[in-house]
């Protein structure tokens, strides 16, 4: 039998570790690593704080919710002259077709507050010839008392019959014979020289503007739903936390029983899902319209329609049955490896029993991640709402101040005296300061630092737990030689000596993630081009960077373990971890990954338990809670309709998974750390009295069952050596 390490190139596997009598676990006498990256990270975070302060001083999040005119005044604001003018009117709605509408929350046209929307067709030129029409028209002008009312920019070029939607005036578009109409007409006079402009030209402007308005309205409705159900969501998340904690505590004492319980429970939960789908399928038999096929039904924006069709439940039942069969087959084929993985989890439970505070460390990680996410979200909103209306000098005759920026109330200014026929008119939303010129760059910086800080927090948690569990493994006599407060000691070492290494690893991962975001953005921008070659290229790039991100996460995780143990820089630790993994690649594949699979089933079970409970509660299907469940709104956005319980239910499900992942990640990190330490222990020691193993007898029995041992564990005939008795096993 040729050992695996003899088949791999030497530069991949590296040299095995040598026996070192002075090595007693995580090195205490260590120095700072990756100092340059540490300094860079500190500077970046200070810059991030400066960006946040700048955004908070310039932005106004109320602009994202309430209608504002071109001067930044809120329509309908109590105590102001606009108190009775609650609606927002756009001078030229067709300019809202600009993509910038979706980025700046503003339409690049003059906007003013009005009491009611226009209800008739009218152009400025025609209205001026009729005194009665002109009086009506002037109510939609910026200064309805000026003599030269025909000057461009003071009044809209046209009025179109409109209706109020989210306190904004939008054209009353219709459909007649498949043709878009406005006021029963297929054309309109735009007041700019085109008297027969097709009504469909208004669609893009209305569409872009309504996407933003609908988004605002949806956010408001979601917020209202959360205000009605937040305490029930909180109760669901607390239940998820208690269930996760209960599972972890029980695994301390009954690891084998709990793992088998998780496996059987997942199978039963999916089985119940199959049964429920069958019952729904059977109950719809004979119902009117229930036998319509999905192909005949076509695409429906109201997803609840599909639940009234028998074929939908049949499809769900088949999908769940396939998942059930796959899980059962995996369990059958991996039964021996599952027994080894269960024993490895039992050993991890023993380590966690001696380091109980590690179970609560995820709460600290959640707190830090919540701060990072909240800071990013608030900064993004303030940056998006910090654009200002810009006014320019417009004139018909020669003027030295033409196109200069001006104050809209400049009738007494020197510019007005120099150019009497000039006007200060709205030009665009943005700004001409350095801040506004680099606003897009600041948004990009906000996203990038969000990834970097979030990855740094995750990395800190991984290195902290790795250092604590490595202290347990390399303790000669457990638990006597385990240092006091191993989690706090490990976190102190990580922050004091290895902030640069944490920043380095998280920086690499953040660069890959930001590239993936840019690829998504570019692909979205090219959707209308219908270029199959470009689409294929983007799909390939997205796939490659997805794989690269997964690999870097795996490499970083193991590199942090090596940094926690040896105190070397990130690159040296990543190289050492990769070489150690390549020398034990089959063990990693069949033992470590099976353990991850079992822990993943545990997460699914917790999400399933809490999710099913939340579904029946929020949907009002349990009579005992029918009057207790909050009354949530149904709403639609971009043509898609959602049930009111959709977002609270998703919040509970996603939150439950994150909570379960946080607690089970302690076990996953413990298993990974013990596994790497075990591999190093096999290379450093041989089990003799001079070079005894640090692993417990239980762990040795677990992993000696793997017949793909290193050449060090084989005799001259290629047979496995018998595991020697360990004189240092714990009592």
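Numbering starts at 1 and runs along the chain as it is shown here.
Keep in mind that glycine also has a Cβ here, set from the backbone N, Cα and C atoms.
Residues annotated as transmembrane segment in TrEMBL: 35-56, 230-250, 257-275, 313-334, 355-378, 449-474, 495-519, 559-582, 594-618. Among the features that TrEMBL reports, region 'Disordered' is placed at 708-731.
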Same-chain residue ranges lying at least 6 outside the transmembrane segment (230-250) that approach it to Cβ under 8 Å:
257-258, 262, 352, 359, 602, 606-607, 609-610, 613-614, 617-618, 629-630, 648, 651-652, 655-656, 659-660, 662-664, 666-667
If we skip the immediate neighbours and take only residues 6+ beyond the ends of the transmembrane segment (35-56), which ones have a Cβ under 8 Å from one of its Cβ atoms?
375, 378-379, 382-383, 386, 435, 442, 445-446, 449, 452-453, 456, 499-501, 503-504, 507, 570
Taking contact to mean three or more C-beta pairs under 8 angstroms, with sequence separation of 6 or more, is the transmembrane segment (559-582) in contact with the transmembrane segment (495-519)?
yes
Counting only residues 6+ away from its ends, which parts of the chain sit with a Cβ under 8 Å from the transmembrane segment (257-275)?
247, 250-251, 316-317, 320-321, 323-324, 327-328, 331, 338, 342, 345, 598, 601-602, 604-605, 608-609, 612
In the same chain, who gets a Cβ under 8 Å from the transmembrane segment (594-618) while lying at least 6 residues past its ends?
229, 232, 236, 239-240, 243-244, 247, 259, 262-263, 265-266, 269, 327, 330, 334, 337-338, 340-342, 344-345, 625, 629-630, 632, 645, 648-649, 652-653, 656-657, 659-661, 664, 667-668, 671
